[in-house]
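Notes to accompany the following structure.
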Amino acid sequence: MSEALLVKVGGSLRGAEALLEELAAYPGPLVLVHGGGPEIGEWLKRLGYESRFVGGLRVTPPEQLEVVEMALYLTGKRLAWGLSRRGRKALALSGRDALCLRGRALPELGRVGEVVGVEVGLLLDLLEKGYTPLLAPIALDEEGPLNVNADTAAGAVAGALGWPAVFLTDVEGVYRNPKDPKTRFPRLTPKEVEALKEEGVIQGGMIPKVEAALAALRAGAPWAAVAKGERGVLRRLLSGEGGTLFSPS
């Protein structure tokens, strides 16, 4: 059997046809965590709310949280439909379902939180029955739902499952020179990542992607990877032909 993978996908469905084909055809078990940034932003704007970010996290006042949940719900259902009609039965869930994700609030950001616990029982039950779980990054604390960064949620779920975490992005891994495909790093350790950050090789928008991969390792994932979300990505990644794989040592 092919390796079980936790895959974090973006929330945008624009241009996602090839990626959906790729995921639907993967022969091994998958758990997917999805974002929803574009859909959330569009709905907030439509309803007259302003989108604000602090440290890359969406500020989510209580009055906006229902909008965020609605947008994530719609995104998850569309992704699940896209996979199901390609032959991979997928079920869209929220992290609040069956207490999958337990969170701790970051009050300065409103109803935003970080994951402090993961219950994987429902995910494993669905996998055993032949379904692919598709999880929206909503956690629960004592006061209700929390908006959680999708990369953070994906790393936590991968760690709880003990599965590798694959973060699909718009770039093909880490490069010493982004303009030269021959300079891709096929594999990095946390120590090497810190050295590359000090050199300025890993900078800008790549930093949060790499940090998400390292967080997955700390949570218990055997390895993590950053790769471009396009047709053939999983085959290339698992064969060492694409992406950047992060291992504990």
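Just so you know, glycine gets a Cβ as well, placed from its N, Cα and C.
For reference, Swiss-Prot has these:
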- Lys8: site 'Transition state stabilizer' (SITE)
- Gly36, Gly37, Arg58, Asn147: substrate binding site (BINDING)
- Lys209: site 'Transition state stabilizer' (SITE)
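Residue with the densest Cβ environment among the recorded positions Lys8, Arg58, Lys209: Lys8, by other Cβ atoms within 10 Å. Of all the binding-site residues listed (Gly36, Gly37), Gly36 sits in the most crowded Cβ setting, with the most other Cβ atoms within 10 Å.
Cβ neighbour count for Asn147 (substrate binding site): 27 (other Cβ atoms within 10 Å of its Cβ, all protein chains included). Put simply, Lys8 (site 'Transition state stabilizer') is 13 Å from Gly37 (substrate binding site) when counted between their Cα atoms. For the recorded site, Gly36 (substrate binding site), the DSSP three-state label reads coil.
Rounded to a whole number, the C-alpha distance linking Arg58 (substrate binding site) with Lys209 (site 'Transition state stabilizer') is 16 angstrom. Look at Lys209 (site 'Transition state stabilizer'): DSSP puts it in a helix.
For the pair formed by Lys8 (site 'Transition state stabilizer') and Lys209 (site 'Transition state stabilizer'), distance between Cα atoms is given as 11 Å, rounded to the nearest Å.
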